[in-house]
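Copied over from TrEMBL:
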- 1-11: compositional bias 'Polar residues' (COMPBIAS)
- 1-32: region 'Disordered' (REGION)
- Glu147: active site, proton donor (ACT_SITE)
- Asp291: active site (ACT_SITE)
- Cys354-Cys386: disulfide bond (DISULFID)
- Glu400: active site, proton donor (ACT_SITE)
- Glu425: active site (ACT_SITE)
- Thr511: Ca(2+) binding site (BINDING)
Amino acid sequence: HTAPGSRQQVQGGERRAQPATGASPARETRAPFRFDYERFRRSLRHPVRGRRAGEDPETRARRMKIKEMMKFAWDNYKQYALGKNELRPLTKNGHIGNMFGGLRGATVVDALDTLYIMELEEEFQEAKTWVEKSFDLNVNGEASLFEVNIRYIGGLLAAYYLTGEEVFKSKALELGEKLLPAFNTPTGIPRGVINLGRQDTRSLFSPCSGMSWSWGWASAGSSILAEFGTLHLEFLHLSELSGNPVFAEKASPSHFVLNRVEKPQGLYPNFLSPVTGSWVQHHVSIGGLGDSFYEYLIKSWLMSDKKDSEAKKMYDDALEAIEKHLVKKSAGGLTYIAEWRGGILDHKMGHLACFSGGMIALGAEHAGGERRQHYMDLAAEITSTCHESYTRSDTKLGPEAFRFDAGTEAMATRLSERYYILRPEVVESYMYLWRLTHHPKYRQWGWEVVKALEKHCRVEAGFSGIRDVYTTTPTHDNMQQSFFLAETLKYLYLLFCEDDVLSLDDWVFNTEAHPLPVNHTNFEH
């Protein structure tokens, strides 16, 4: 909606002189805060979809193939599951699940920015229309704070920044407000689960609304590092767009508590008590449970246009500890990141940890001299190990986790770790390493993944994960994950784009691959 009184912005320059936060004296007549979208667009260094300079026909053909895969994934979702959270492509129906607390349309919100970037105009309009007409936020149910934030808030924010369409902004802010009660804990570190039911201030602590719990399986009511550490980017933008500092303030205590708490060997364990602010147990991993906490430290610094020096220092110190205690080289010469359980190493790397090649490369760009080359080398080695986990399987897709034990390298040894659910982390690292080195092998590796997806995951009505990557006659899991459209296909597409499409100068990707803008304009937070 257009704020009443916003016409003032057009007259003369009298309002321009004030800071972007609209920090005029508080008085009853003050015009409501209105984010200046045009000013934001002018601050971007590159056109959002790039300039499409001359390129070789093969690269263009490969990009068009990935665009076709996206259209196929979307069209089938639209036909059989529109409004549900995911498509079940074998049974041709929809899946709702319990992660999102009654919210629907996860695939729609996750796909918006990918459809836009790929110039799938008609499909983007279909998705936008669903958000306008059918996306209901008045739901009751327990949701993962983390999942709702990275998929829904992230997807809506990115769609708004890319298009300027108000509906995306208003839905993001309305949903953001529903997440705030999760932060009502003694430390300000949120619990993992939020009830999205109706909340007014009187009933904030009544049993039926806005109460938050921690996941039953998280150790003794603790909060998960990757979950409470993966809110900062989105919540800063919620404050940016609303003019309300409450979001940024809620996302900040985590850094304060984490700076203060004693870290074993400089490492961050995965579980912290939101009540006492101390660790619940000493399990450290760069894979699931820990992963995106580290990612959001370096990205918070980049998004602040390199001003958030606290986040940068936390990242540098954490990476140093990780390299010292967790980075190992196998007998066969593969560099991997092990997991740490109370001082004992588990020589296993999860598919989720494969994002770290891209993260370390992104951070290396900004390290000085020898450190820069050192970290670029480390990033390339980890990415190469993750590539090995793909090439050593019969399907050329990687398992959920792979080990470096007696004689086995970069392969899953347990049946329970052999599945592939259309995850993006490996191609995410290919995309970053391509952009930062332009070594042609990364595009080649990405194209191998495209061929494998087409061969083993594409079914009559969409794409499905597979239960065992080590057999060429895989059983499908009947699930087209929303992150396949948000992340896997977006990163593959960008791998075959010029660097100015969603340029890393202008955008930081949230952990669901939703692009959020770098703050070039010195907006106050």
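In case you wondered, yes, glycine gets a Cβ from its N, Cα and C as well.
Distribution of TrEMBL features across the structure.
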residue	record	Cβ contacts under 8 Å, 6 or more apart
Glu147	active site, proton donor	Met99, Phe100
Asp291	active site	Ala226, Ser285, Leu352, Ala353, Phe355, Ser356, Thr511
Cys354	disulfide bond	Ile382, Thr383, Cys386, Ser389, Gly398, Glu425, Val426, Glu428, Ser429
Glu400	active site, proton donor	Gly350, His351, Ala412, Glu417, Arg418, Tyr419, Tyr420, Ile421, Arg423
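The Cβ neighbour count for Cys386 (disulfide bond), using a 10 Å radius over every protein chain in view, is 29. The 10 Å shell around the Cβ of the residue listed as 'Ca(2+) binding site' contains 25 further Cβ atoms across the protein chains shown.
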